[in-house]
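Student: Below are the structure tokens for one structure; questions will follow.
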């Protein structure tokens, strides 16, 4: 091929000049981030460096200590375009897969934990003390794990070490809890203790309580890691999609968990254990560890050591509480409002999730107890065993409804963020001998540019999704309506008198439950992801405030979920004290009043949901402070839209 030296010499001279300028800049400026991003140009190369100050003046100013972290329009995709590229459906599925294994573990504990602990000889009053472990651990563990993971600089990443450690600790806790009798009897039997003695029974109860608390602490550890992992590695415009996938996989986990509790597992898997609870714990342990390992291997975390040292060392206990309170005051506005909603939302959901099977079972045994007033304890136990199975079936219907809603709702709800349009190959600019970074005219004429891909497929898919979406149904409005629907369902308990009616009602409640699994995480995650992405683009990642990071924000969100459950536990205990009848008596309405109290809390949650903004970002303002904390100035999504319009 003929080559015209007159066209290549000016380009080579300019390219070498740019490289010399860049090497001189590197010798004067030392930046841990700047030294790793991008490929440096070699002398004589036509591949210009995207980090060059001639091409990216914003990065150049940032590295020299400029306070201006705004990113010029047009450079958004150059600096960190990889972060906001749309991810595939398979990627989002793998990203959220660990939630499914976690939900199987939760379903095992919730559906079979109480009968198992009662079988050890535990009283109901002590059982209430045991189940407060969940809210307490959620209030304390997740914020602490969030802070520790935000500050983590392990080569594996920020979240993966906590996900793996929490998953394996959960598996060990489940197995030790399921084999409590064998472990305690075997150990004390070495000293000649009678397995049927009162002392061995007390030791078994204490051993089980310890492992229940360890289990709840471990579950909250892995949950904190997984939720922050989703925020970190799903693009801003796909946070709603990622959290809807998390809701779907949660629904699948619920279905598998409740279905397993409905089937006689020891007959199917006798080699896994001789009781229902043992087999369930083995299945839950394998599912959780397997899904977390798959997610950790497929999606590799960014090396957190490249971000530089953490904002502060891992805190002690007093420092931890001080940082939590400081972070609460400085929560971003959207996250703060979502937490306000969640406080009352979960005050309502607590009674339903823990007592709905008891309420349905009471409806089942009412006629039988009314016609047989003098039953023996064994006959009462047999009646309640059948009633519990009917309640478990209602929860299975509830899980199926929730899963179906999680599959369909994302197609009906208008997303808060739109995906960026697909990048197409544009027509090359007119080439001149002095144009840096271009090939000579003889080469470009020999190799004509490839035609731009047709955008017809993307346009058709966009039109199809727009056709399915209900124009007025935003995520906030859908969540608000779900609170109202839940309150109406709880009020209808006044009129429900048969297990069939109660099962239908429980299935309807699956719809607001689907929104509760999706909406709050999507609203918070979109805000965190947007700010995190803007910080990386602007080169100010190291200045990202600790209270802005995913770990601590999601940890505080879980405090808003767990703390009201403690309040709901106290209210439920008071209701039971004054309204509960003796076991075996018909028409005990105490659980119904607990459910109705939850409906009132849902109405308060609906009011706070009405106060949430439709968009995830406040309106642009010059030096405007965050509504959620003092002195925090921001640049929002509308900044970039305004710049693009100009």
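One is the number of the first residue shown, and numbering goes on along the chain from there.
Cβ atoms here come from the backbone N, Cα and C positions, even for glycine.
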Student: According to TrEMBL, which of these ranges is transmembrane segment: 450-469, 510-529?
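Tutor: Based on what TrEMBL states, transmembrane segment spans 510-529.
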Student: If you look at how TrEMBL annotates this chain, which of 89-106, 107-124, 197-214 comes out as transmembrane segment?
Tutor: 89-106
Student: Among 550-571, 616-637, where does TrEMBL put the label transmembrane segment?
Tutor: 550-571
Student: From the ranges 324-342, 343-361, 362-380, pick the one that TrEMBL records as transmembrane segment.
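Tutor: Among 324-342, 343-361, 362-380, the range TrEMBL annotates as transmembrane segment is 343-361.
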Student: Return yes if the transmembrane segment (245-265) and the transmembrane segment (159-179) have at least 3 CB pairs under 8 Å (sequence gap of 6 or more), otherwise no.
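Tutor: The answer is no, given that the two segments have fewer than 3 Cβ pairs within the 8 Å cut-off.
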Student: Is the transmembrane segment (277-299) in contact with the transmembrane segment (89-106), using at least 3 Cβ pairs under 8 Å (sequence separation of 6 or more) as the test?
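Tutor: Yes; at least 3 Cβ pairs under 8 Å.
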Student: Any contact between the transmembrane segment (343-361) and the transmembrane segment (159-179), i.e. 3 or more CB pairs below 8 Å with pairs at least 6 residues apart?
Tutor: no
Student: State, in range form, which of 159-179, 277-299, 393-414 has the highest count of Cβ pairs under 8 Å to the transmembrane segment (510-529).
Tutor: 393-414
Student: Counting only residues 6 or more past its boundaries, what in the same chain has a CB within less than 8 Å of a CB in the transmembrane segment (393-414)?
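Tutor: Non-local partners: 111, 240-241, 244, 247-248, 250-252, 254-255, 257-259, 262, 356-357, 360, 465, 468-471, 473-475, 478, 499, 502-503, 506-511, 513-515, 517-518.
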